[in-house]
Amino acid sequence: MKRRRSSMSMSDSVSGKSTPPGGRTSPSSSLDTRFVVSNETVAKRGKRPRCLLKNLEDTKVVDKKDNLLQERFKKHYRLEKKLVGDNAVSNPFQVQVRLATHLKSGDRRVVKVLNKETVDMPKIRREIATMKGLAHENVVQFYEAFEDDRHVYVCMEYVKGGELFDQLIKQGRYSERKAAHIIRGIIKGLQHIHDAGIAHCDIKPENIMFASEDVDSPVKIIDFGMAQRVTRGKIGWLTDQCGTYAYRSPEQLDQKYTRACDMWAVGVTTFMLLTGFGPFHTNSPRKTIKRIREGFHAEIREGYGNWFPASLRISRGAMSLITQLLDREDFRRLNPAEALNHPWLQQADVPREKLLAERVVEHLQSAAAMTKFNLAICTALSQWIPKGEVYLLEKAFQESDSNGDGLISIDEFRDVVQRFNQPMSEEQLIRVFNDADVNGDHFIDYKELIMACVHHRLLSSEERLWRVFSELDANNDNYITTEELARVLGKRSSEAEELLKEVDTNHDGKISYSEFLDVWKPYC
């Protein structure tokens, strides 16, 4: 398992280990700089590393007063042990990483001292702006930054438990219980990052740290050097080439991706924790990229490749999660909230029957008062539900259909709600049931549950809504016409025209993305 490093970044120095250029972590070193490159590499480039964050608007983050406090650093911190020095060969950017004491609180922190003449300052400012808005147990904490004439001082949380990658190298593979604990922490951190409108774009075991050396230490996501911002209502494709190739999703390789690429990387990491090697591992980057493009196959076979190895025991629950994270189609891939609800990640805390019941109630609640346009979209997109989710829905439907007649009555629905203490009044219960009963026969059939599931999945990710809009916009002119609706949804022209009128609020005969988004907003 070879280590692949990303480009220069600020949050890499929080751990306490240094890495020789292009090599593995040295056991005798004490801090991982993650952005160390050799003089030979610098000479080949002939200039500083190019900025990988084109999607961040420079004008919004370069204001020094907002991002770098123009105060004397020594008034606030006392520098202590130097963890990484400024050796010209191993550290051409002349970066010092030191332990320091915050004078007001007495806390120990890591301070990265950056030479302004040798680092890419616009890139540093962007990374600071990205980290500044994040505060979560599973994300490394940025505290503050100071600047003088020669240096920038970046103050961050001291994370001393080491890299997930190094721990994986030591023990080979993790138990499912321990792996689930780690993956749950990573996904919780990613959920916070995504909710802040940020795509991390470089999730991998090297960028996951343990907060301490305790057995059940929480994990921390680090390294925002490749992160990109995503603005709600203005979502489009991210196009920068970024990420470490072994963890890149198929759409990242094509440079047309969304935040869903982070969840693919979580799938790769989950597979690695349970097997000790990567799902697409080969002895060359070209072959690995070929395997990634081919996609992951949810089957058990001898040896290893784009499938589950027959020689290692992996539970069906773990296989289900990995398969849904490594779905080649990003719109089917689980997002953080959906992944956290997966039974394998909740199995230690929640009974299976309760999880299934919650699934039914949650999906039906999201389907409240769908418009004809919503219904038409959800009916056409039933194939967007991953196979693993379909299996769970079938089980959930069977659990709810107590008399086995293939229909859920309002009494059966009420029984599910009461049996598992779902927070819903009788009035809410009746409204949810009637809204989900699309055909008005006073029962909920399996097809209606599937439609509710599609609706729920679309609402949980604006990237999915953007993907639907892009599919409907066949000629890529950023508008949906009656003809496009009729062709993609398989409707007659008159039916498509009625659907379009429902959404076309400015009456220009076509649907813009903002109008399309508005029809889903009441549910968001």
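Backbone N, Cα and C define each Cβ position, glycine as well.
The structure displayed is predicted, hence computed values, not measured ones.
Record features (TrEMBL):
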REGION    1-33  region 'Disordered'
COMPBIAS  7-30  compositional bias 'Low complexity'
DOMAIN    78-345  domain 'Protein kinase'
DOMAIN    393-423  domain 'EF-hand'
DOMAIN    424-459  domain 'EF-hand'
DOMAIN    460-489  domain 'EF-hand'
DOMAIN    491-524  domain 'EF-hand'
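Note on the domain 'EF-hand' (424-459): DSSP counts are 25 helix, 2 strand, 9 coil. With respect to Cβ pairs under 8 Å, the domain 'Protein kinase' (78-345) is most closely packed against 460-489, considering the stretches 393-423, 424-459, 460-489, 491-524. Beyond the domain 'EF-hand' (491-524), the same-chain residues lying 6 or more positions past its ends with a Cβ under 8 Å from any Cβ of the stretch are 233, 366, 368-369, 371-374, 376, 455, 458-459, 462, 465-466, 469, 478-483, 485. Broken down by DSSP into helix, strand and coil, the domain 'EF-hand' (491-524) contains 20 helix, 1 strand, 13 coil. In the predicted model, residues of the domain 'Protein kinase' (78-345) average a pLDDT of 89.
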